[in-house]
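S.K.: Here you go, one structure.
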Amino acid sequence: MKAAVLTLAVLFLTGSQARHFWQQDEPPQTPWDRVKDLATVYVDVLKDSGRDYVSQFEGSALGKQLNLKLLDNWDSMTSTFSKLREQLGPVTQEFWDNLEKETEGLRQEMSKDLEEVKAKVQPYLDDFQKKWQEEMELYRQKVEPLRAELQEGARQKLHELHEKLSPLGEEMRDRARAHVDALRTHLAPYTDELRQRLAARLEALKENGGARLAEYHAKASEHLSTLSEKAKPALEDLRQGLLPVLESFKVSFLSALEEYTKKLNTQ
């Protein structure tokens, strides 16, 4: 179990290099930057959509009758959560920095393996790209006369044009499939090599580095404990910030319920 957790952590901390394996080099982005970006997008979308729903409810007949002032409470809650996110930012950043530092050696070894395999398969990728561009240019040359013919003709030629294009499309599909199959065949040994290298790294870590693995686990647990302790004040601030909001909602709801009950009794 420890090995599995460590594997996931290391793969994540390598900068998701496997995801970019077939891509060109991109500007480096730290794991914390990726997590922060995803969390920010998710929270912003949730906040905006939630506020829209609250606004729609308050604008309805029932919302106006209850007069719960949900929109004011929603703004207060989102402000409180934004404050919490700002307070936890440095603490979480410190956690990721410590974890990256502890796994630096292992990440460098795995990055080296990825780069070596990438260098071996790059000629096949370049050749595939070149052939694909050639096929697209050949297809364009074959289709161009038909396009000109369509412009000169009328609608009655559409069916005839479709019959002429169908074989070309099938030919293009078959040729593309052949190139993809050839690329897959060329890359298969290197994919297996990369898989075997990764398995060997993890096996060596498990067999010969038991103490090292235990050390990783102990340090990760220590960092998590530190993160938990440092987050307590911010979470307490969140609780204190939400209490007035919840109390205000409770008072507004009970007041609206009492008023509604009185109206029912007078009818």
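A Cβ is built for glycine as well, from the same backbone N, Cα and C atoms used for every other residue.
So Swiss-Prot has the following annotated:
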MOD_RES   Met110  methionine sulfoxide
MOD_RES   Met136  methionine sulfoxide
REGION    68-267  region '10 X approximate tandem repeats'
REPEAT    68-89  repeat '1'
REPEAT    90-111  repeat '2'
REPEAT    112-122  repeat '3'
REPEAT    123-144  repeat '4'
REPEAT    145-166  repeat '5'
REPEAT    167-188  repeat '6'
REPEAT    189-210  repeat '7'
REPEAT    211-232  repeat '8'
REPEAT    233-243  repeat '9'
REPEAT    244-267  repeat '10'
SIGNAL    1-18  signal peptide
S.K.: Using a 10 Å cut-off on CB atoms, tell me which of the modified residues Met110, Met136 is the least crowded.
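M.R.: Least crowded of the modified residues Met110, Met136, by Cβ count within 10 Å, is Met136.
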S.K.: What does DSSP give as the helix, strand and coil breakdown of the repeat '6' (167-188)?
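M.R.: In the repeat '6' (167-188), the DSSP-based counts are 22 helix, 0 strand, 0 coil.
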S.K.: Quick one: Cα separation, Met110 (methionine sulfoxide) versus Met136 (methionine sulfoxide), in Å?
M.R.: 37
S.K.: For the repeat '3' (112-122), what does DSSP give as the number of helix, strand and coil residues?
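M.R.: Residue counts for the repeat '3' (112-122) by secondary structure: 11 helix, 0 strand, 0 coil.
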